[in-house]
Amino acid sequence: MNRKNISIVLFTMLVIGSYLFINVGNFKEHNRSSSLSLKQINTLKEINYEFLSTAFFVRESIIRGDYSVNEKVKSLHSSIDKKLFFLKSTMVDQEKTLDTISNLFQKRKKIQFDLLAKPGKGLQKELLKQTDSNTTAFYKVTNSLLSRWEKLEHKKALAINFYSSLFLAVLAFISAIIFINKSVLLFRTQKQLKQTRVNEKQYLEFVENLADAVVATDINRYITFASSKFSKMFGYTTQELIGKNIIELGSSDSIQEMKAHKHELKTSQVPIVSEVLFISKNGKMVWVELKSTKIDPDRRERGFLHTVKDITEARSIKEELKASEKERKKTLNLLLDIFQNLESTIVYVKDLKGTYLLASPSAKKFFGMDPVGKNNYDFFSQLKSTHFEKLDNEVISSRKILKFEYINEENIQPAHFMMVRFPLFDSTGEIYGVGVIANDITEEVQRREELIAAKETAEYSERMQEQFLANMSHEIRTPLNGISGMNRLLLETHLTEQQRDFANSIKTSAINLLDIINGLLDLSKIKAGKMTFETIDFDVLELLDHLNRGFQLNLKQGIQLELNIDLSLPKVLLGDPLQLRQILVNLIGNAIKFTSEGKIVVTITAEKNANGILLKGSVADSGIGISEEKITEIFKPFVQAEAEITRQYGGTGLGLSITKQLLELQGGTIDVSSELDKGSTFSFTLPLGLGDETKVVIKTKEEAISSSSFKGRKFLLVEDQEVNQKLIFNLIKKAGGQIVIAQNGKEAVHILETNNKFDLILMDLHMPEMGGVTATSYIRKTLKLKIPIMAMTASAMKGEREYCLFNGMDEYLSKPFEFTVFYKKINELLGDKLEFTTTDSEITPALYDLGQLAELDDMDYLMEIITTYIETVPVILSQIQEAVYLKNWDDVRSHAHKAKSPVGLFQATALYELLNEIECNAKEKTALNTCSKQAERAIELNNSIVAELKLLKVDC
């Protein structure tokens, strides 16, 4: 500091000191008064500032849309109240003015609280006007008071300095006052700046914590402030947004909407809300709710404050709801259109109380009026209404569809309806009603009743047909049984060659007649759906071998039967062996019938699958063939390819029809390929299971009846047919048994009442006066006898065996029967008391068996056959051995097949099986190295057979 300044300071201090010394008393009083006045002035200024701050915070709350009372406003109100109290207590002379200020403030408080109470737009506008007038009045009074105080202070200063003539003292005093004021103002400014920064920070934090984004723009819509949420919403930085016109963010489709928004905002005193489409920085479309208001309603130039809410998802939901509603209306209109076109279908909807909500025109016609708004009791009786109400409640409680037939008997002609009741669910899954669809099915019911009647008539006709067939079967089988049996006994006697030829013709005719009857019965069973199939384990190789042997014996001259079996075919299968045999017998027999010369080839293969195997078979012949146009006819019952065929070859035309149906019923197929005059090939498939070899019973013993087998046994025969009486009498007598004959069941009961010492009763079923079932029931229930009873009947209808066993019989035998079956069943009923001669085939296996040839009872023919065998078979076996040596496998196969025919006729089982192996190996070109040894073994076996046959020939 230079001397000049020091001198000025010292001079000023001297002047002030002199002034203070002269006016020390006045100065003290003035200083005390000035200190109090300054505090009062500052207090009043603070009141002005806080009064202004409350206005700011209230307007801020309104802009935000948050009408809860701001804690800052409450705090400011409390501060102003305290400061007014201070002024009143220190300025008693200004009591009236201070009361005015206090009243204006209290009124201001009420207005602000009313604004924060979220009034309507009209009231809000009025309150804002009151605020403005209140503010003006308040500042007018306070500024007036401050002005008076300043003038008063000035007068006091002039009064005190009046005594001082020193200008410098006044100047010093003024300088001091200015310095103090500047210091105070500087301090206050810094404090206020600091507080402003704090307030600004709090305000920014408040804005950032708002749920919606906030952006401020100037009057031209250029962005001056943007919250972080706004920046994040559109992918811009804050720096990129500042100075950017908010309209630039909108899509081209939203420009007009935003212009309208801006125009309305200029003239409106309340916030303006619009929905506009904005585009983010990355091009994403964002629908927003733009809520705008003026920052200062009285000073539009201060700009606008906007809150921005992302409503993309909400708008999408709204659009979906709108589309859903549109679709619902479309569906409803479609439903109404459908309703209008429903004639025989009745549709209506009821609420949970049973009131009709919707009904089709056909429903209105049904009820006789529009049912909407009504309930069941308006149309039906109490009983029916209660019934329908129970049905509705059942649908509601079970939440399931209920379907039933309803008969409307109120019309002259009862009407039948198929009614479907179903629950109706709203979008939350709750039931709101019951829907009903009723179709008029009167005509359908009538047709159904007609069909039932027709079915009953057809079933009755079928039963009559079945009964007719059963009766005819019985009537035909009974005399046929006598014919066959007596003819069999006749063949066992000594006959001339002509007589034996006649008897054999009778035997053949009887067999053919029995085949026809069985065919008719099988066809009847199939048509009635009563054909059943067994599922048992059986040896398919043995079955095929037996079939081959049987047919080889009966082949016509000039025909060769060849059986080719796939080596991969399992030995034991699971299925019905009898039906398989029937199928093969029909096909092979059919081929033999229509082939006069040439070859018949039977091929059996197997294809494995998940369920077992698919058996594939074919029977190819070189017979007369079938024309192409007749192929589709041959599987029909009673149909043959040509009428001439029936006259020339005979037959009923049932074999192929039955075969086809037997295969199809078991899941198989059959097909035929043929060429006229060149032959036919019938191919079939049959699904079968894989069997268990351990379950196949291996027969090792053969029973032979002797004259002493039934010795000591007494039989009661109950039979009304004389022929059958003679047959069974002779069979029993032949086995050494005694027999008593009763003409019917009544006579049999009479005999048993006086003499019940019988070992077995042979009971016919159909007899005059008393049938077999009635007689059996009497024997079991009245006479209490346990004598075994075997039913014997010519009827072969399904279920008859079970019927007999159910009514007390022990066994069942269908006529006509094989003698061996007859004796076997008697043996099973009487147990091991019978004396049968047995031969054990496993212990002493025979090289051959002349049993079948001996049954012909023609010694000359037998000797001729033996001679032919001795002369031909060794030659064929030598040819086999030579072909094996030359490795000519076709000749090996051919010669082996040729040898099988005579070997099979003599039932030389071991040699036959060996020849079959040689044939298969040669055909399949497998195990060829064993063929040489097999041929040597075959020659050895045949040498043994020839040696025995030569001895037999010598003995005879």
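Yeah, the Cβs are placed from backbone N, Cα and C, and that goes for glycine too.
TrEMBL does not curate its annotations; it predicts them automatically.
These come from TrEMBL:
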DOMAIN    199-247  domain 'PAS'
DOMAIN    272-323  domain 'PAC'
DOMAIN    471-690  domain 'Histidine kinase'
DOMAIN    714-830  domain 'Response regulatory'
MOD_RES   D764  4-aspartylphosphate
TRANSMEM  6-25  transmembrane segment
TRANSMEM  158-180  transmembrane segment
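Helix, strand and coil residue tallies for the domain 'Response regulatory' (714-830), in that order: 52 helix, 24 strand, 41 coil [DSSP].
Per-residue pLDDT, averaged along the domain 'Response regulatory' (714-830), amounts to 86 for this model.
The Cβ of D764 (4-aspartylphosphate) has V718, E719, D720, Q721, N724, G772, A791, M792, T793 as same-chain neighbours under 8 Å, each 6 or more residues away in sequence. Counting residues of the domain 'PAC' (272-323) by DSSP class, helix then strand then coil, yields 15 helix, 25 strand, 12 coil.
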